[in-house]
Amino acid sequence: MKGDHFLIRSLAFLAFATFLASAYDPSPLQDFCVALKDIKDGVFVNGKFCKDPKLANANDFFFSGLQNPRNTQNPVGSNVTAVNVDNLAGLNTLGISLARIDFAPNGLNPPHTHPCATEILLVAEGTLYVGFVTSNGDGNRLFTKVLNKGDVFVFPIGLIHFQLNVGHVNAVAFAGLSSQNPGVITIANAVFGSKPPINPDVLTKAFQVDNKVVDYLQKQFWYDNN
């Protein structure tokens, strides 16, 4: 009888886990589904309109250029090169994507969130100070770590996180994300650089600052490093 109860509990857990998994990218309904920008030749819909599988070729699954450093001469000192379904059509429905992040000394990948993906970060060169903040229900706890070459860190789905180059030389990291199109919301850009602007009264009360501070922040140019 105990064995039966364990089996039932195990099956219930697996069913629940499967239900949770379905909240992320949809599972493929065929071997692959190469995304199409022009839907007139589309034959399936699964994430994006899909090319007829018989018309797919190797280039649909290929991307080149991540070996090249990107320009970090910008206000935040970092540059993100994303490889997702928008520039690698074969990723459609596969639930993964990739990014290269280049950092100048003291360069920052500002606090941001990926609403659709967990991120796993590998430091290829340099030293990074990284961290994430948990949700309100968990008390907004901050988890941080200094990463060196070869170190790996995970940022759970949806949580605000950041990476700062604390070394004296350029740094490079590669990130894997659990979505073909993870999305990104840079906190400062979204709050102070929205179009049209958020009513200053909202931000003054939310941040408990003088309206002159909000006015100043809303007039800044918020650089997008993606």
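Using N, Cα and C of the backbone, Cβ positions are placed for all residues, glycine too.
Copied over from TrEMBL:
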type     : residues                       : note
SIGNAL   : 1-23                           : signal peptide
DISULFID : Cys33-Cys50                    : disulfide bond
DOMAIN   : 64-215                         : domain 'Cupin type-1'
BINDING  : Asn109, His114, Glu119         : oxalate binding site
BINDING  : His112, His114, Glu119, His161 : Mn(2+) binding site
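With all protein chains in the displayed structure included, the most crowded Cβ environment within 10 Å among the disulfide-bonded residues Cys33, Cys50 is that of Cys33.
Taking His114 (oxalate binding site) as the reference point, the recorded positions whose C-alpha atoms are within 10 Å of its C-alpha, out of Cys33, Cys50, His161, are His161. Listed in sequence order, the recorded positions near Asn109 (oxalate binding site) (C-alpha within 10 Å of its C-alpha) are His161, out of Cys33, Cys50, His161. Compute the center of the Cβ atoms of His112, His114, Glu119, His161, which mark the site for Mn(2+); besides them, the chain residues with Cβ within 8 Å of that center are Thr113, Ala117, Phe132, Phe155, Leu159, Ile160, Pro182, Val184. Around His161 (Mn(2+) binding site), the same-chain residues six or more apart in sequence whose CB sits under 8 Å from its CB are Pro111, His112, Thr113, Glu119, Val130, Gly131, Phe132, Val133, Phe155, listed in sequence order. Same-chain neighbours of the oxalate site beyond Asn109, His114, Glu119, judged by a C-beta within 8 angstroms of the site's C-beta center, are, in sequence order, Ala99, His112, Thr113, Ala117, Leu121, Phe155, His161, Gln163, Ala175, Leu177, Pro182, Val184.
The average pLDDT for the domain 'Cupin type-1' (64-215) in the predicted structure is 96.
Cβ-based crowding with a 10 Å cutoff singles out His114 as the top-ranked of the binding-site residues His112, His114.
With all protein chains in the displayed structure included, the most crowded Cβ environment within 10 Å among the binding-site residues Asn109, Glu119 is that of Asn109.
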